[in-house]
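Structure record follows, encoded as structure tokens.
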Ligand SMILES: NC(=O)C1=CN([C@@H]2O[C@H](COP(=O)(O)OP(=O)(O)OC[C@H]3O[C@@H](n4cnc5c(N)ncnc54)[C@H](OP(=O)(O)O)[C@@H]3O)[C@@H](O)[C@H]2O)C=CC1
Ligand SMILES: O=C(CO)COP(=O)(O)O
């Protein structure tokens, strides 16, 4: 049995998709939410419009995951440690797959390291890459990255979590995989802000490309493989997120560019991650000007015109990572 913790958009989409492979239990912390989903036959709060299969088990009782050998962790990055710490005894010995994208603000760690620290005897993996919850829930063709340092365990997971429409590519490079997913959200905020401020599609292409150079620089400094960043979890997700208004990070950026309010209850991983990445980049002495701009935009210290001026007035340089 596969367990999914977190009945948000992504957890629900994955649970729907995986019921074709065998028994799945979707766990949420809020019993009322579970009751609502049972009555409505859909997750109206987080993923409206897609029916939940009858075979999908819904539960607010963590003990129902005791027979799950694989548990997908579909909660926001900044909540991952809290959830794992609370339920560590229930998760010991299982294969835990992070389904979140980001860097923890307090420790500057990625999700795999957080799993390893909080549940040391678990097998830790990450599922990441270009895939919107609504597309996956509808069974639209999607390809993502499954990263696990243990190649054997990663291969077994790839088999268990791939479906007819969700094609997973495996890698042992967990560092590169989680970095790509974390940083593309930061770049999506930058692109959204540029589009929202009317700076044009050429500016967006420049931000995506130079954003990708920042991703490569950071990857190189922390021991990730360059090929991982050029794959689904890096370049693939960067492309999807920076060019689609389905992305909440891009929409958040758009609202900044337009000077509009944004609903604070919406999960936007890139804002906290930008601050965490900036701190890490400074410690490693890596130049990340677009990340710096996103930090300034999201903490209210910079307007879009100031951020863009900062980027454009940098000394001219050779084109390289
Ligand atoms: N949506 C998408 O298209 C995709 C999302 N992702 C990633 O998935 C992760 C989750 O995003 P998504 O599902 O969209 O977000 P949502 O905002 O839709 O859902 C977040 C879920 O996390 C739960 N949660 C939050 N805090 C806790 C906690 N302390 N204990 C237990 N549960 C908690 C929420 O529960 P409650 O409702 O009770 O607050 C909610 O069910 C993010 O890192 C995102 O980047 C990755 C790929 C695609
Ligand atoms: O990660 C995603 C698609 O791959 C979803 O992006 P948002 O979190 O910006 O909506």
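Keep in mind that glycine also has a Cβ here, set from the backbone N, Cα and C atoms.
Binding of NADPH is attributed by TrEMBL to 10, 29, 101, 133, 269, and the same site annotation extends, among 81, 160, 248, to 248. Among the candidates 121, 173, 237, the residue that TrEMBL annotates alongside 101, 129, 184, 247, 248, 249 as binding sn-glycerol 3-phosphate is 237. Ligand 1 lies under 6 Å from the Cβ of none of the binding-site residues 129, 184, 237. On a Cα basis, residue 29 (NADPH binding site) lies 25 Å away from residue 247 (sn-glycerol 3-phosphate binding site). Close contacts with ligand 2, defined as a Cβ under 6 Å from any of its atoms, occur at 248 among the binding-site residues 29, 184, 248. Long-range Cβ contacts of residue 133 (NADPH binding site) within its own chain (separation 6+, distance under 8 Å): 8, 9, 10, 12, 13, 47. Here the Cα atom of residue 29 (NADPH binding site) is found 25 Å from that of residue 249 (sn-glycerol 3-phosphate binding site).
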